[in-house]
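Participant: Sharing the feature lines straight out of Swiss-Prot:
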type	residues	note
BINDING	Asp39, Asn41, Asp43, Lys45, Glu50	Ca(2+) binding site
COILED	135-163	coiled coil
COILED	209-275	coiled coil
COMPBIAS	190-202	compositional bias 'Polar residues'
DOMAIN	26-61	domain 'EF-hand 1'
DOMAIN	60-95	domain 'EF-hand 2'
DOMAIN	252-340	domain 'ABM'
MOD_RES	Ser4	phosphoserine
MOD_RES	Ser192	phosphoserine
MOD_RES	Ser197	phosphoserine
REGION	180-202	region 'Disordered'
Amino acid sequence: MEDSQETSPSSNNSSEELSSALHLSKGMSIFLDILRRADKNDDGKLSFEEFKAYFADGVLSGEELHELFHTIDTHNTNNLDTEELCEYFSQHLGEYENVLAALEDLNLSILKAMGKTKKDYQEASNLEQFVTRFLLKETLNQLQSLQNSLECAMETTEEQTRQERQGPAKPEVLSIQWPGKRSSRRVQRHNSFSPNSPQFNVSGPGLLEEDNQWMTQINRLQKLIDRLEKKDLKLEPLEEEIIEGNTKSHIMLVQRQMSVIEEDLEEFQLALKHYVESASSQSGCLRISIQKLSNESRYMIYEFWENSSVWNSHLQTNYSKTFQRSNVDFLETPELTSTMLVPASWWILNNN
């Protein structure tokens, strides 16, 4: 299936050769696309870390993902190739075999129609241009309606599975150090952020703004984390903070690091904006702050939540999963996520 991300001629050729060699049945070309998108170091195969980054759904545990990986790895190489992916999933497609085949046809039909539109639209009459715009809009509406139905079904099945497991499973948290980054074609382009500020500001009620007070607090926390990572750290007694029993003593701070592919920067910014808008409207979300590192396509996202339960529930929401899925294409490497509990009194103090 097509993907907006560029691929090199050699990559396209190898995909075509592989598809021909495997004699893929109708609809199975999706697994060529899955391998290409999940293969972050472009070596033509999936390591367990790459497999986990792509397939983790917040329901299967790390152990279950590891077991699934080795079940698919019939060649016993500790890596997965397209043949192994196709061989495993083809045994479990059921009715989705027809769905994938239809998607393959639909993908080709839409690309053909858009190619025709690009070629003829400028010279068409006003009425013909109107019809083209109308058909594009209605096609999009139909696809969005189907997407909403699929997302509803996906949420229902995941919730049912969690209930059967007697409680929500803690999603697999990715914290992977990658030896190298996917080679991307770095191009100097206009940055839609303010050239005088490394901060990413999302305007609108309840959203982020550049806040020196909060950035100071965040920088303090970052320094604390850096200190805690040093082996020679010596802890000394500090002044005790006495907390009443009926007081919520801690809040959850989540730090997310994302390295964005330069060519996908604008699309990532739009997806991030939608994510922040949705997350900030949740009752358990106290605040979200975003930093963009200067001269890099790297973002630091800090999320403050009332507690870990609210955070885990947030991970299962539709908008959060949509953002996670889009990041598969937008990020050079899987995002790094870390969490820590901080005294709730900090929040109360800074908001009084």
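Positions of Cβ are set from backbone N, Cα and C atoms, glycine also.
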Participant: Checking distant contacts: for the coiled coil (135-163), what same-chain residues at least six beyond its ends satisfy Cβ-Cβ under 8 A?
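Facilitator: Distal contacts: 57-59, 110, 117, 169, 316, 318, 321-322.
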Participant: Going by DSSP, how much of the domain 'EF-hand 2' (60-95) is helix, how much is strand and how much is coil, in residues?
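Facilitator: Going by DSSP assignments, the domain 'EF-hand 2' (60-95) contains 19 helix, 1 strand, 16 coil.
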Participant: Work out the three-state DSSP category of Glu50 (Ca(2+) binding site).
Facilitator: helix
Participant: What mean pLDDT does the predicted model reach across the domain 'EF-hand 2' (60-95)?
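Facilitator: Summing pLDDT over the domain 'EF-hand 2' (60-95) and dividing by its length gives 90.
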Participant: Which of the three DSSP states, helix, strand or coil, fits Asn41 (Ca(2+) binding site)?
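Facilitator: Coil, per DSSP.
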Participant: DSSP-wise, what's the residue breakdown of the domain 'ABM' (252-340) into helix, strand and coil?
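Facilitator: Each residue of the domain 'ABM' (252-340) counted once, the result is 40 helix, 31 strand, 18 coil.
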Participant: Tell me, if you would, which residue among Asp39, Asp43, Glu50 (binding-site residues) has the fewest other CB atoms within 10 Å in the structure shown?
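Facilitator: Sparsest of the binding-site residues Asp39, Asp43, Glu50 by Cβ contacts within 10 Å: Asp43.
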Participant: So what sits near Lys45 (Ca(2+) binding site) in its own chain, CB-to-CB under 8 Å and at least six residues off in sequence?
Facilitator: Leu35, Asp39, Thr77, Asn79, Leu80, Asp81
